[in-house]
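Undergrad: Following this message is one structure expressed as structure tokens.
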């Protein structure tokens, strides 16, 4: 190669390759060849094959012979190497260019969501069918650019700081708004002529003279009795917002001592307290007020600058709305005599104060607020601070002692009280007519507090806890110390009509919110990313407390609950637990709090199983006592774990386990691992990991696509083997473990880990045979995990469906509750996917053969389901499945029970549904081919099915009867069941009207939409109604409220086929601005894509199996010997 000078003659390498026209190098130095180089010949005449005759050359002009060149020798091997290197360089350059271009394109797509769309008007994504949509007047704004405000734009100027608020509010019923007056004391750190506050949905007076800037006059001491008399003269502040006058009660609940300490403005309408200060006009005028809806700011411009270091008091009248799902909201309800009443309550959402009054509603501007509330006579104010109420004749005035984040409820409320064993006074406030139904909630609250104090070895800071039950209230995530607001249905229990499910609902809800009193405290969405534990810790402790209250085994419950977590986390639209850079309403709306709480709790449980329960409890207790107020919030917990472990537990690298690094791999990236066990030979097996997904048809969001740890986790294995498998605890990188010939191993035993496990297909078949012969040698939770994993792998295409169905061959012999819970859930999913398919009847028969023996328990031991929560869930699943596989007989008997056990005694009696459905009745439930069973009432676990079935097959009279019973029902749970059953009706016009009537309640409309989608007729209505009314109804009513739109879309849209999927995709393109940030729409598209692809791939395979064309698990005794070693 040293003799080859490519710089002087590059043609020699080409000559070498293309000599003779066939790539041979034999003629490179041919003696009869002319001195013209081969590369020049290649230009002058085409290459010829050996079989073609060479045409005579054309006469050419004689050229002078070139100067002889020095011949260069090149070894054939070296030339070939150079050629291969050149080819490799070309391929690499092409790949690099493709990769960089792709990254640039994806980045442009990502940026386009926040930048102006110029070229693709009306579109935010490419579409193969280019068309010009007809744009309605309501959709003209969809052409506007989508721009999300930045963190800097949302931030308030720091040179104006609040010291305190003194706010007067007068809520008006009927959605007429809340008139108010705000006094805000401000400290000015830099000269400015602008004051910027947060405000959303607030109207301000156009008369700028009513907005005033004052200063506090110097304090003066009492000099004489005359001065005392003069000091008692009322000092009234008028707030002429919307032509109303509002009186500010003295100090708005602040005592004289508090006022002195905080320099609080005190105005008075009484003659009992001497005022400590007065306000003096500064002479500075407000010359302009500007409201920015996107940034949620109001800017006041002054006619002169405020001086550095000065303190001023801003007085601003306003009117705020009471119809938003944030801030202050009105909840309407009807009493037993049909009278309509209202309750007002602050919402447990982030950044809520800006919806109630203009404020500095950001974490860096925290200041105490005192409130004065004017409300109707007879109503009560319950708050997270001390309340003093004064009778003003026709109305009442309540003053709330200053607190950082004031929360309150105004309504017709009465308390029920109990003292815990640790001396905490618990009061549950309800409407008078349902006060008798709070006894169980009081007991569960007492037990929940005792359980938390025992687990955490810590007591609540407050000596009292107020729980308020509000009809129709919607849960939130913000925690208020010593104050909890819950939906009424999560507090009441009727011994006559409710069942174990309602008991569990009460116990879980109360335990979760009580636990949040220890771990709550998120006050600003900007810091949400570091506070995921505020959702996860209460959820984890909720399950721990449930075991103490209702004796529900937490490990069994987690095995079942883990199914929903894994199903959601295996999608491209999943989210990491730790979401950073959250600072806007749209960002908050995109966060799935329920999923984050559940997955976070499952990760905490995995940590508990990995480090041991005693170490886990020690760490949690240390965190509560030392770190829970620290920032970053989660760092303190991992420090507690490091201290509790003391370096004794080794990680994957045989070094002391770094808990923070271990947990970071689970919270900073989406998804979970699939751990694969591949037996290499009789002596070794290899363990490896990769991310598990339901399919790869949908890409993750760009910001989650390149995971921080490249989808690699530190995985605790929880390994069980029949032989010595070595000291294996963790998986980080693929490694081998030694095995004996007869060894068999199981991973993630007892379902302790948040991951799935895959074995080789032969190993799965061995497991199926082992389960048929001796399934009892594996724990219930291990069997449940095997069933869950094998079907997940089959659905994703990693295993043949035959393998998964073979594993269920043993099910008729299964006696455990947890494996059956998993199996019935999987069967229900199969029936949903194959509804209307040609093989539906075959599948129904297959499922019937599996479940009919287990279904006999529903008849033989019905009372057990009313004392065992998991058994109740299982029986409900079995009844649902039986109604699918044997629909005719089930519907007949459910309708018979509805007519005789509910409708007949209730429609003419004038009683409430929760009472009159206690009718004694003999009903028959399908048992194989006959029906045998006695019910002495409509049982709680069947009421939902009975009511829905009765309304579905009833006429207009039945619908109106049930609707009337629902409206007057006082039992919250019974009311919800009756109300939701209306969505089962089969008249499309009635269903559309029902949706419109319930739009004022987010919880009601989402429940109705979900129920509609469970019935054939309703499914055709719900999705189309949302699309048809998006512009005219939903977009207008829930403007700037993406969280509610997210909930409605998630509940109401179901896509069963390619046509419906394409319809929603087109809808999203036409409404790209208003649907931007509605994450549930992307989730629905992904689910539909997965289901459509699944049906295309699996129906033929399932058909062959159900026709018996595939073999089940072999019965060979010898093949089972390895499993018998267990």
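Our numbering is plain: 1 for the first residue shown, then up by one each step along the chain.
Glycine residues also receive a Cβ, built from the backbone N, Cα and C atoms like all the rest.
Remember, TrEMBL labels are computer predictions, not curated facts.
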Undergrad: Of the residue ranges 79-100, 101-122, 123-144, which one carries the transmembrane segment annotation in TrEMBL?
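TA: That would be 79-100, the stretch labelled transmembrane segment in TrEMBL.
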Undergrad: Taking 21-70, 171-220 as the choices, which stretch does TrEMBL tie to region 'Disordered'?
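TA: Spelled out, TrEMBL records region 'Disordered' over residues 21-70, not the other listed ranges.
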Undergrad: With TrEMBL as the source, identify the stretch among 1083-1104, 1105-1126 annotated region 'Disordered'.
TA: 1105-1126
Undergrad: Per-residue pLDDT averaged over the domain 'ERAP1-like C-terminal' (745-1086) comes to what?
TA: 86
Undergrad: Mind tallying the domain 'Aminopeptidase N-like N-terminal' (264-394) by DSSP state, helix then strand then coil?
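TA: Summed over the domain 'Aminopeptidase N-like N-terminal' (264-394), the classes give 7 helix, 62 strand, 62 coil.
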